[in-house]
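Visitor: This is the structure I want to talk about, given as structure tokens.
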């Protein structure tokens, strides 16, 4: 079982021990934007990371698909930050989720980051895509989706760890069933599973499974990713959450992040607005009441990452297959998140 939070970094952000590597700060700064960094540009993302460092963030989450690795590296160098004081997570793109491509992909990410290692390297999704003819393409082409050779890919993830290039390895967007399969052959179990978590997407079954297996659950989109192609606007517009926030004298965002934190998860928050960056860290020194938690537990289920990788020609023909039925049962039909042909990855 993953250890409970027992200490704090100098920034005041609690940390949690993982099964591999060093403790992870429980609140991290996300660098995925709706335009995958294209609107912000490298300099804009770098400036946001510098502001986050100043605000007290030490855990930074990026991915090959986010187009933000280089900006994170620039910020760390510009700030003359001590590498060992930071926690850096990046992710393997689905186009590189093939045997023979994992190590080269991590080497490329490390060059972008201008670092010798990452603290956590994740398989971004439990699916692969045929590599593009022109390297560097970010679009998801559903017709090119193929079943992942999970055993072969995980063996290379383990090699990344053995070589010291990734101090810890894990997965993202994996269901209980897919984790069970991975654990059946893994020599090094995944240290973390990063998934969508917020008051409308509570992940109770997955959290219990991960806790039993010693896998730390990490939450992305704790506010429902409003304003993105995969948006779930029901979170920030939820009357129940607005009422709780009003009673607490907090923002809806703070209530959502605090709720995720109280579940024992690590949480990746994202705002390039400096005021909101600091607000998103102001979740300590207060807590939700039992009545607050009861109200949140009764909210209808919905999520943004619902059927991104579903296609008639792909390995997953339905959302039920992709999520192994774990998010569909009980999901409100009028609250189900967007179904679209995505042009970007979360």
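Keep in mind that glycine also has a Cβ here, set from the backbone N, Cα and C atoms.
I grabbed these lines from TrEMBL:
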- 66: active site, proton donor (ACT_SITE)
- 124: substrate binding site (BINDING)
- 27-297: domain 'NADP-dependent oxidoreductase' (DOMAIN)
- 91: site 'Lowers pKa of active site Tyr' (SITE)
Visitor: Let me know how many other Cβ atoms fall within 10 Å of the Cβ of residue 91 (site 'Lowers pKa of active site Tyr').
Guide: 30
Visitor: Any idea what the Cα distance is from residue 124 (substrate binding site) over to residue 91 (site 'Lowers pKa of active site Tyr'), rounded to a whole Å?
Guide: 5
Visitor: Provide, as an integer number of angstrom, the distance between the C-alpha atoms of residue 91 (site 'Lowers pKa of active site Tyr') and residue 66 (active site, proton donor).
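Guide: Per the Cα atoms, residue 91 (site 'Lowers pKa of active site Tyr') and residue 66 (active site, proton donor) stand 9 Å apart.
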Visitor: Check the domain 'NADP-dependent oxidoreductase' (27-297) for me and report the mean pLDDT.
Guide: 93
